[in-house]
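Trainee: Below you'll find the structure I mean.
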Amino acid sequence: MSSRYSLRQTPRKKELFEGMVETPIRRSRSARRQTSQPLSDVETDSTVEILPQPTEVLPQPTRRRTARFKEELDSDTDSDNMGAVNRAANGKTNGHANGNGNGYTNGHGNGNGHATNGHATSNGAAPIQAVIEKTKGVSHDPHVVDGWRPGQDPKVDYSGEVEFGGSFGTAAMMTLFPVLMWYMWIGATYYDGKFPSRTEGQSWSEFGAHLANLVYTGAFPRLQVWAWYWSYLIVEGAFYCLLPGVWGYGKPLPHEGGKQLPYYCNAYWSLYTTLACLAGLHYSGIWPLYTAVDEFGPLLSVAILSGFLVSIVAYFSALWRGKQHRMTGYPIYDFFMGAELNPRMFGILDFKMFFEVRMPWYILLILSLGTAARQHEQYGYVSGEVWFLVMAHFLYANACAKGEELIITTWDMYYEKWGFMLIFWNLAGVPLSYCHCTIYLANHHPDVYRWNRGILAAMFVGYLFWYWVWDSCNSQKNRFRAMEKGKLVLRNTFPQVPWQTIHNPKTIVSPQGTILVDGWYGLARKIHYTADVWFAVSWGLITGFESPFPWFYPVFFCCMIAHRAARDIHRCRRKYGDAWLEYERRVPYLFIPYVI
């Protein structure tokens, strides 16, 4: 996931990259957690390398020193002068952030991916060209963000805008998406990967009753599966609180007078500790990895019901404690979007942060590993196609984990509330609907979907190439922002790919911020979206074309990413004005250099 925009603010500790401060060397008294200190007071350890601030370059037409604070290339909404906000609002203001782009975890994503993931507004859905024409020459007051003005009550949404069709649309989504997930499971399990349909002479009511009976008998949420699912959630919560990690700070919160919340980031340690525990459970026979695949139906039901239960508790708990934020007054819509902005427990466990990576992407990886274990158990080998998905899902989960500190300044963390949308999507939607490529391979003999070995090798190479593009381009923009802060900390987390840092980059400077016009973003403005599309299509393509369900995620994602690109263009034009037009003139390609 990648962050979207920065807010000017009152002076505070130096940051290594946006929102992050270097942690001190561990003291013998505690080896569990690092703490944040001013940069000048800390030492580096063997896991990080600090690069000096880039040498200042005299202003030139195409290669210029960046401004005091930096906006990422894909920043898509307004910046806010926090000093002015703090003085005018006196700690009682409300603000809107920007959209979530892709980066680590698109989710995912935008991300985060994811993300991951980013949620577009209803007025950003126009075709890209229409958005370009609509936003030409639009000026912007940086002190007004999405209709918010200093002094407004943070518990009330003053924007006058709703997303996803308001109450009707969100009610439909909360009803139909779980039904779709069960429907796809039925097709994958009982209809050989095809769409379930009526038999000759079967009425619609009989067909519906038949499907409901299949869910009841094959996907009943047994108590044992509840125990597995919630044990995993609780153990991951313990890992979040207890394993080593680094501290970072989120974006300043206008309604809190510019307060920056601390976030603890240790998803990287959590991932490898989780994998070690799973290996022990598998080889000891206590919980073989293929159990996740064999019990996919009950697991699906438990995840869906858990999504609703956690959403209900989160919503009414926020109302009871008076923690609601930016409420529209429409209960169904507010339940979907959420009531509380920053729910936390024990002073360290941030629920939005916790659910963003560990639940969706780790579970997706567990299902792929379970499929590999099942094939090895049945056939004595693991097919190349399954290895491809294990590689793909590991790289994605690992990228989300190694770049977790970059998630804390994204749209999901800063702006989205903890409601049904985030809760259900992370607990059930992402891991148990994006996984149908894995489920198809698990349910069929390798001969059914076997690719030519040369084509399969080309798919591995192509995926690794686009992973390099995706990882390096997100690193370029985040490291550029960190270097503008004066210091850059390199965490030696695996894998480290080439071309992650651009020294003395070309930029376009505007009063609203600086636009990076170099590296990958000097070739195409949304090339990281292209990489994400490649990932999604590859997940479907590896299964072939015999079943529609592995293609649910690629089709869904491509529609979503086109919508997001239109929204990004709309907001960047409003934010940067002529500077963004100049960027489009210099970099005319949106997705693929020299093509489109």
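Each residue, glycine too, has its Cβ placed from N, Cα and C.
What Swiss-Prot lists as region 'Disordered' is 1-122. According to Swiss-Prot, the compositional bias 'Gly residues' annotation covers 98-112. As annotated by Swiss-Prot, transmembrane segment applies to 168-188, 225-245, 269-289, 296-316, 353-373, 381-401, 419-439, 454-474, 535-557, with the evidence given as sequence analysis. As annotated by Swiss-Prot, NADP(+) binding site applies to Lys477, Arg481, Leu516, His528, Tyr529, Asp568, Cys572, Arg573, Arg574, Lys575, Tyr576, Tyr583.
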Trainee: Tally every other Cβ atom lying within 10 Å of the Cβ atom of Tyr529 (NADP(+) binding site).
Mentor: 25
Trainee: Which listed range (269-289, 296-316, 454-474, 535-557) shows the maximal number of Cβ pairs under 8 Å with respect to the transmembrane segment (419-439)?
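Mentor: Between the candidates 269-289, 296-316, 454-474, 535-557, the best contact partner of the transmembrane segment (419-439) is 296-316.
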Trainee: Would you mind listing the long-range same-chain contacts of the transmembrane segment (296-316), meaning Cβ under 8 Å and 6+ residues beyond its ends?
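Mentor: The answer is 178, 181-182, 185, 189, 215, 218-222, 225-226, 228-230, 334-335, 338-340, 343, 351, 367, 418-420, 423-424, 427-429, 431-432, 439.
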Trainee: Across all the protein chains here, work out how many other Cβ atoms are within 10 Å of the Cβ of Leu516 (NADP(+) binding site).
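Mentor: I get 24 for this one.
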Trainee: Return the count of C-beta atoms lying within 10 angstroms of the C-beta of Lys477 (NADP(+) binding site), excluding that atom itself.
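Mentor: Around the Cβ of Lys477 (NADP(+) binding site), 27 other Cβ atoms lie within 10 Å.
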Trainee: What residues in the same chain, six or more past the boundaries of the transmembrane segment (168-188), come closer than 8 Å to it by Cβ-Cβ distance?
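Mentor: Residues 194-196, 211, 214-215, 219, 296-297, 300-301, 304, 332-333, 335-337, 420, 424, 428-429, 432-433, 436, 439-440, 443, 547-549, 552 contact the transmembrane segment (168-188) from elsewhere in the chain.
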Trainee: How many Å separate the two farthest-apart Cα atoms among the NADP(+)-binding residues Lys477, Arg481, Leu516, His528, Tyr529, Asp568, Cys572, Arg573, Arg574, Lys575, Tyr576, Tyr583?
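Mentor: Binding-site diameter by Cα atoms for NADP(+): 22 Å.
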Trainee: Counting other Cβ atoms within 10 Å of each Cβ, which of the binding-site residues Cys572, Arg574 scores lowest?
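Mentor: Lowest Cβ count within 10 Å among the binding-site residues (Cys572, Arg574) is Arg574.
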Trainee: Would you mind listing the long-range same-chain contacts of the transmembrane segment (225-245), meaning Cβ under 8 Å and 6+ residues beyond its ends?
Mentor: 31-34, 264-270, 273-274, 277, 287, 291, 295, 298-299, 301-303, 306, 346, 348-349, 354, 358-359, 362-363
Trainee: Name the range, of those listed as 269-289, 381-401, 535-557, that has the largest tally of Cβ pairs under 8 Å with the transmembrane segment (353-373).
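Mentor: Per the Cβ count, the answer is 381-401.
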